[in-house]
Each structure stands twice: as structure tokens, then as C-alpha cells.
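If you check TrEMBL, you get these features:
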DOMAIN    22-92  domain 'NXPE C-terminal'
DOMAIN    253-733  domain 'Cas1p 10 TM acyl transferase'
TRANSMEM  269-291  transmembrane segment
TRANSMEM  324-342  transmembrane segment
TRANSMEM  354-374  transmembrane segment
TRANSMEM  395-416  transmembrane segment
TRANSMEM  451-467  transmembrane segment
TRANSMEM  473-493  transmembrane segment
TRANSMEM  505-525  transmembrane segment
TRANSMEM  560-578  transmembrane segment
TRANSMEM  599-616  transmembrane segment
TRANSMEM  658-678  transmembrane segment
TRANSMEM  684-708  transmembrane segment
TRANSMEM  729-749  transmembrane segment
Amino acid sequence: FKGGDTCEYLLSSGRFLGEKVWQPHSCMMHKYKNSEAKNCLIDKYIVFIGDSRIRQLFYSFIKLINPQVKEEGSKHGNIPFEDKSASIKVDFLWYPEVNGSMRQRIKSWTEGSVAKPHIMVAGAATWSIKIHNGSNEALTQYKINITSIAPLLEKLAKSSDVYWVLQDPVHEDMLSESRKMITNEKIDAYNEAAVRILNSSSRNSKAKVKLFSVSKLIAQETIMQSADGLHLPESSRDTNAMILMNVYCNKIMKPIDGSCCQPQPPLTLIQKFAFCFFTLSIIGYLIINLIHRNNFRKNKCTDLESGEEKKPAISTTNVSTLEMLLHSFCKLGLIMTYFYLCDRANLFMKENKFYTHSSFFIPIVYILVLGVFYTENTKETKVLNREQTDEWKGWMQLVILIYHISGASTFLPVYMHIRVLVAAYLFQTGYGHFSYFWVKGDFGVYRVCQVLFRLNFLVMVLCVVMDRPYQFYYFVPLVTVWFMVIYATLAIWPQIVQKKANGNCLWHFGLLLKLICLLTCIYFLSYSQGAFEKIFSFWPLSKCFELNGNVYEWWFRWKLDRYVVFHGMLFAFIYLALQKRQMISEGKGDPLFSNRVSNVLLFISIASFLTYSIWASSCKNKTECNELHPSVSVVQILAFILIRNIPGYVRSVYSSFFAWFGKISLELFICQYHIWLAADTKGILVLIPGYPVFNVLVSTFIFVCVAHEISQITNDLAQIVVPKDNSTLLKRLLCVAGFFSGLLLFSAMQDQSRH
């Protein structure tokens with residue numbers, strides 16, 4: 001669209017989301033904490049020069065550094081502030097009019113030996129209007145004075161950040177008699193003069209005085225809440241101070257959720273290699289495609305001349321495999337380009353999330369109606385059959401997506417219910433993989449490689465293209481590690497599978513003993529953070545599980561749902577044991593147990609489900625509720641399974657709408673990070689500015705199509721990269737080991753160059 005510098009948008013345009021959340025046009029604003037503000041402004045000297053409105057802004061700014069500051073300084077005098085711990089000095093200089101005194105002060109910074117400020121914020125006009133009773137002569141003098149200081153400001157802007165704050169509108173009805181001459185018409189005239197004169201001699205120069213005009217827009221919405229009609233309410237001036245902090249600090253601190261004023265990150269060495277690889281894949285595919293077309297035309301001409309049908313002599317198997325490989329990488333390359341443009345290049349706009357109950361619950365009701373509308377009969381009526389688990393994954397994924405885009409994590413009851421949905425995914429991991437190994441007894445390398453490839457392929461590509469650590473996509477490392485834990489638990493001697501256990505019941509106790517050992521290990525690691533961190537801090541594991549230089553985030557994510565995979569394995573064991581002994585009825589339309597038992601279990605399940613929801617909705621403290629969550633989340637999961645499966649009719653139908661999304665749920669979860677949300681999930685991608693609903697519809701359509709396409713690409717590549725032949729598979733594994741070794745080497749080189 002317009003392009004340009006996002007700093008200009010931050011300083012000049014935006015709108016309110018709700019009553020107090022300011023949304024700059026096209027970019028995201030970070031909310032700076034005191035520690036972050038100190039780190040950014042360390043050893044800096046900042047000056048605020050102007051009238052009482054600038055004094056307000058000064059106080060709001062220094063409160064970002066030290067919230068304990070009280071507004072006790074002289075109203076008509078200079079106010080110093082210093083933070084000795086970070087060597088930050090901030091001064092307010094009382095110059096209520098643009099006159100010779102202000103000019104002399106600015107001149108001392110440009111020509112004298114006085115220390116220059118790193119940041120200067122200036123502005124004044126209302127005193128000139130008040131003292132001279134709003135006369136035209138005062139406006140003329142203001143123009144002369146600002147013309148005289150403009151070259152000095154522009155000279156200072158070559159070495160410092162200089163901001164001129166345009167005058168905010170007033171609430172004329174609330175002004176006292178002594179201020180009645182300060183009208184919005186006069187303020188507009190003074191602002192127009194400042195805008196026309198400042199930077200007039202440096203239109204094409206980079207050293208410009210930055211016009212802080214966004215304050216006018218904020219004041220237009222909030223000046224009615226002013227105490228005297230002239231000064232902004234505290235929330236509005238705090239917003240202005242935060243905008244100033246974002247303008248200066250975003251390029252230094254580079255916060256993920258602060259896209260305003262951040263330059264596009266330079267391409268890393270690994271990203272350049274990825275770009276070359278995908279480019280070569282596209283060129284290779286086009287060349288092969290052209291060769292095939294030429295061969296087809298030649299064969300067709302020969303056939304027409306001879307009148308015979310000839311079979312091509314070329315081996316189609318090898319060509320088709322190579323073509324499929326290049327075709328997949330060609331599509332993937334184009335998709336990754338879209339990913340990069342959406343979330344790394346400053347091409348598309350990004351906005352902050354803003355939660356309202358309607359933005360979360362209305363889409364939930366909408367997809368629920370759609371899901372019920374697309375109801376079909378299942379192929380089989382077993383508990384947690386394939387259609388049912390796909391449906392379960394599908395509706396959970398859609399709810400999680402709505403939760404993320406609406407910013408509902410700020411509403412604790414919703415957060416606690418979403419935590420159960422994440423736990424339910426892990427429950428299915430435990431249930432599904434345990435069932436496979438227990439029933440099939442297949443512990444071969446092929447099965448392990450297939451699962452690991454399908455889980456990790458997209459994430460590994462994104463780590464390279466988007467320059468993000470593996471742990472950033474936390475859910476994939478979580479399910480990968482739990483899959484390996486399940487595999488190790490069942491594959492380690494003695495291997496106990498259903499076929500062996502049917503011959504001797506003692507093997508069931510052996511399996512239970514293995515599960516008890518697993519539970520003990522989980523319990524120990526959950527209460528021994530040091531032991532957990534030591535395990536995952538060894539190189540090269542540390543490269544996979546570190547985030548921001550430590551593995552704490554990984555420990556927190558693992559601990560949050562530490563028992564639910566075990567619960568899934570135990571449920572699978574009990575269910576398969578009951579099924580083997582024909583203690584449950586899974587016929588079409590039949591209740592799972594006898595009518596009496598089914599009714600009792602159904603009542604208990606509904607009561608448990610509602611009890612958990614009531615408890616989750618009454619949560620007051622996120623930390624305390626997270627502590628209880630690992631132990632109690634299984635209650636709602638089991639309640640849902642029983643409610644969904646005990647009645648025969650309910651077990652015999654499923655929603656094909658939800659099941660379709662369930663088949664690509666992993667891709668949806670990962671792709672949302674960059675092409676639906678923005679700034680690594682902290683904001684929302686804006687393809688169509690000004691039309692939020694239409695924008696969500698368009699970006700969602702592209703997002704779902706891309707996720708579906710990536711799912712197909714992953715399946716195609718899994719057949720090629722992970723062959724069934726063991727010797728070929730071993731060679732591929734050696735190649736993969738070499739690739740990752742090279743990746744780790746380049747990653748280490750990148751880290752060194754960054755430091």
C-alpha cells in the first residue's frame with residue numbers, strides 16, 4: 001500500500017480499541033516495563049522543554065522508568081530527574097512560550113560546549129494564546145519565533161532525536177474564565193504554522209524534526225475526561241509517553257510485539273542458503289516440466305507419422321519421484337516466501353489484539369452451528385474411532401485459533417478451558433501411540449521416522465526460514481518428546497504387547513509396573529527443576545530446547561501438562577483390556593454399557609464436566625490454577641469421552657466439518673504463528689486495512705488453504721524421504737544427521753557473529 005516508515009504512522013495516526021488501548025496505524029506498540037525502559041535509556045540524557053502540557057508528558061515518561069515518582073515539582077520551574085542505577089538523566093525545562101529564551105537554550109546545545117540531549121521533546125502555544133488574549137499579532141510573532149528556532153532544531157536533529165509536540169485540542173466548555181480565549185480554532189492555526197515551518201529547509205534530509213501529532217488524535221477522544229478542559233487525563237498522557245518510548249526504544253530493544261519503528265531484520269546465512277535451495281528447486285522443477293512437455297510433443301508427432309502407439313523408453317519411476325520431490329519443494333518455497341513476507345518483511349501491516357467477549361464467543365457459536373450442520377454416520381462405532389478423534393482435534397483447533405486471534409488469554413476462565421484443550425491433544429498422543437504399539441507390536445525404525453518426520457518437518461523448515469528456535473513452536477517439541485517417551489517405555493526390555501499379554505495375564509502387571517516407573521520419573525522431574533534443566537542443557541539438546549538462553553520455558557510447558565499423556569496411555573490400556581474381554585458393547589446404536597450403568601456413568605460425567613467448568617470459571621489466580629491443572633484436567637477430558645461415547649447414537653455420528661480441520665490440525669496450529677497472527681503470535685496480520693471482519697475472512701481463507709497444502713506436501717515427502725526399505729532408510733538417516741550437523745554448525749557461526 002503506502003509503504004513508508006512505520007515510525008511516521010506511530011507518531012501521526014491510530015485509533016482506540018475499546019476505551020484505553022491505542023492502536024497505531026499499520027504496526028504494533030510494545031508495552032514497556034520499567035526494567036526494559038532502563039535498559040533502553042541507559043546512559044541517556046533526555047530533555048522535555050515547554051509548557052504545563054509538556055510537563056505532564058515528562059512525568060508520564062519518567063514514571064515508565066520509576067513508577068514511584070510523585071508529581072511534586074515546581075509548576076512554573078525546571079524539574080530534574082535522575083536514575084543513578086542506569087545513569088539516566090531526564091530534565092523538564094519550563095519554557096511556556098516559543099521565544100528568544102527557548103531559542104537561546106536550543107542554541108546552547110547546537111553551538112556551545114553544553115552536553116547535547118539524546119532525545120528532546122518540545123512544544124508550546126497555549127500560553128502565547130492566553131497571555132495575548134488570542135490576538136492575531138501573537139500568532140504572527142509565534143510564526144516568526146518558530147521560524148528562528150527551526151534551523152536550530154533541524155541542526156540538533158542530526159545528532160539527536162527531536163520531537164515537536166503539536167497542540168492538543170481543548171474542551172472549551174470546561175475551560176476557566178482565564179482560559180476562554182484558548183479555542184480549538186486558535187490551536188489549529190498554531191499547529192498549522194508549526195507544521196508548515198518545521199523541516200521546511202530539510203524536506204529531503206534524513207535529519208528531520210519529528211512531528212508528534214498523534215497526541216491530537218488521542219486528545220480528541222479523551223479530552224472530555226479532562227479535569228480542567230486543557231490538560232489530558234492521566235491515561236491519555238501515559239499513552240503518549242508509551243508512544244515516545246516505542247519510537248525511540250523499539251529499534252534498540254527489538255521487542256517481538258513492537259513492530260513500529262523496527263527495521264526489517266537482515267537475512268541470516270541459513271536463510272540465504274534456504275532461499276538458494278528453494279530457488280534451485282523451482283528452477284529444477286520448471287526445467288523437468290519443460291523436458292517432459294517437449295518429449296510428449298515429439299512422441300505425439302512420431303505416433304501421428306507412423307500411425308503406431310509407442311511407449312516411452314524413459315524410466316517413469318525415477319523421473320516421477322524426482323519430479324514429485326522438486327514439485328513439493330517448489331510449492332513449499334512459494335509458501336515459505338509468503339510466510340517471510342507476512343511476518344519478517346515490513347510489507348503487510350500488523351495490529352495488536354484486543355479482547356472482547358463478543359469477539360470470542362460469537363465465532364465459537366458460529367463454528368458450532370456449522371459443525372452440527374455437517375453431521376454424518378461414522379464408518380465404525382468404536383470408542384474414539386478415527387472420524388471421532390479427527391472431529392475432536394478439529395473443533396478443539398478451531399476454538400484454540402479463535403482464542404489466539406481474539407486475545408482471550410487475558411480472560412482467565414477462557415484460558416483455563418483452553419488449557420484443557422491443549423491437554424486433550426496430549427491425551428490423544430498418549431492414547432493413540434500407546435494403542436498402536438500395544439496392538440501392533442511394531443517398534444521398527446520406519447514407524448518412528450514416519451511419525452517424527454510428520455510432526456517436525458514444517459517446524460524445521462520454519463526454524464530455518466523464519467530464524468526461530470525449535471522451542472519457539474513449543475507444542476511440536478512437546479508431542480515429539482512424549483512420543484519418544486511412549487516409544488521408550490514400551491520398546492525397552494521386556495517388550496510387552498497385547499499378543500504376549502493375552503497368553504499370560506502376568507504380563508499385564510509387568511506393563512503396569514512400567515507405567516508406574518514412568519509416573520515416578522514424571523513426578524520426580526516435575527519437582528526437580530535442576531535435574532530437568534541439566535538433562536536438556538546438554539549440547540546439542542540445548543539447541544533444541546533453549547529459548548532466550550535457557551530451558552525454563554520448556555520446563556514450564558512440559559510441567560503444565562505433565563500427567564495427561566500418562567492418563568492417555570492408562571485409559572488406552574484399560575479400554576483395550578475391557579474391549580478384549582467384551583465388557584463393553586460397541587454396536588451401532590447400542591449404549592457402551594448396560595442401560596443402568598450407562599445412565600449412572602453419564603450422570604457422573606456430566607456432573608464432573610460442569611464441576612470442572614465451574615471451578616475453572618471461578619479461578620482468580622493464574623499461577624494457583626496452573627498448579628492444580630495437571631492433576632485435574634483429566635477429569636473434564638474423561639467426562640467428555642464418556643459423554644461422547646456412552647450413548648450409541650452419539651457415538652455413531654460425527655461432524656465431517658470438524659473432522660476435515662482435524663486432519664490438518666497440526667499444520668493449522670503451526671501456520672497461525674506467521675500467516676494468520678503476526679509478530680510471532682503477538683498480533684494480528686492485516687492484509688486489508690480498515691475492514692477488520694473482511695481482513696479476517698481473507699487472511700483465514702489463505703491460512704487454511706496453505707495449511708492444507710503443507711499437509712499434502714508433508715505426506716508426499718514422507719513417502720519419499722522415509723522409505724520402507726531398511727538399508728535405504730539407514731542411508732537417509734545418515735544424510736539427515738549430516739544435514740543437522742551442518743545446521744548446528746551454521747547456527748553456532750550465526751550466534752558468534754551476533755555476539
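Glycine is no exception: its Cβ is also placed from the backbone N, Cα and C atoms.
What TrEMBL says about a protein is an automatic prediction, not a curated fact.
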Would you call the transmembrane segment (658-678) and the transmembrane segment (560-578) in contact, using three or more Cβ pairs under 8 Å, pairs 6 or more apart in sequence?
no
Can you see whether the transmembrane segment (269-291) and the transmembrane segment (451-467) are touching - at least 3 CB pairs under 8 angstroms, only pairs 6 or more apart in sequence?
yes
Spatial neighbours of the transmembrane segment (473-493) far in sequence, C-beta under 8 Å, 6+ residues away:
422, 425-426, 429-430, 433-434, 437-438, 443, 448, 451-452, 455-456, 459, 462-463, 514-515, 518, 544-545, 553-554, 557-558, 561, 565, 569, 666, 669-670, 673
Composition by DSSP (helix, strand, coil) of residues within the domain 'NXPE C-terminal' (22-92):
22 helix, 19 strand, 30 coil
Distant-in-sequence neighbours of the transmembrane segment (729-749), which means Cβ under 8 A and at least six residues beyond its ends:
269-270, 273, 445-446, 449, 464, 540, 543, 721-723
